[in-house]
Amino acid sequence: MKILISNDDGYLAPGLIALADAMAAIADIVVVAPDSNRSGSSNSLTLDRPLSVYQAANGFYFINGTPSDCVHIALTGIMSEPPDLIVSGINQGQNMGDDTLYSGTVAAATEGFLFGIPAIAFSQVNKGWGQIDAAARVARDIVERRFDTYGKPFLLNVNIPNLPYEQMKSPVATRLGKRHQSEAVIKAQDPHGRDIYWIGPCGGQKDAGEGTDFHATALGHVSITPLQIDLTHTAQLEALKKVLV
């Protein structure tokens with residue numbers, strides 16, 4: 001098996017290194033990641049300038065672009081054959097509910113899915129790398145599960161509690177929860193007295209009921225959510241057709 005690995009925290013991130021080590025124990029790996037932290041870059045591609053590919057001493061490729069750039073270039077310019085699986089992460093911090101729309105970690109997996117390749121995004125709840133080895137062990141457990149009877153290609157979003165491996169509960173299938181709207185921007189001034197703005201913190205949990213990713217991880221379970229790309233609001237199609245008559 002060959003696995004392509006990427007992330008949005010950058011090629012030096014402990015989460016990427018731990019994930020690569022875990023995957024290297026069970027497969028041939030290729031790592032292509034951003035040269036720096038690209039959190040919140042979503043599915044953006046860099047179209048206004050050329051991109052450069054570099055290789056670190058450990059064999060990881062890194063690119064001065066977004067997570068989607070990295071996977072796109074890996075599949076169309078670096079790898080001679082497509083991988084069997086793409087994994088992204090392990091992100092420092094959860095990607096649950098509305099987070100998935102902004103997440104570069106999820107976007108890297110999504111880019112592979114758009115190429116018809118099964119993909120899994122891995123994130124660890126809360127900040128800090130103290131339990132990253134446990135999270136990497138969970139990631140390996142999930143990749144080693146047999147998905148032969150599962151529809152391919154698939155796109156999975158996995159959130160792992162920030163706990164020792166022995167304290168984690170079994171993986172559960174979940175749906176995305178929902179957050180309240182983001183908090184207000186933080187306004188300040190630069191040294192020249194000009195107004196500057198920092199994007200405010202994400203909103204708190206709005207829908208964290210049973211069956212959601214928020215609920216599962218709060219109870220210590222590993223949350224696995226199947227994602228799709230089709231943004232069509234199917235339930236409103238017929239109503240829209242009537243408006244347009």
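A Cβ is built for glycine as well, from the same backbone N, Cα and C atoms used for every other residue.
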Which of S36, S39, S42 belongs with D8, D9, N91 in the divalent metal cation site listed by Swiss-Prot: S39
Entry from the binding-site residues list S39, N91 having the most other CB atoms no farther than 10 A: N91
Lowest local Cβ density (other Cβ within 10 Å) among binding-site residues: D8, D9: D9
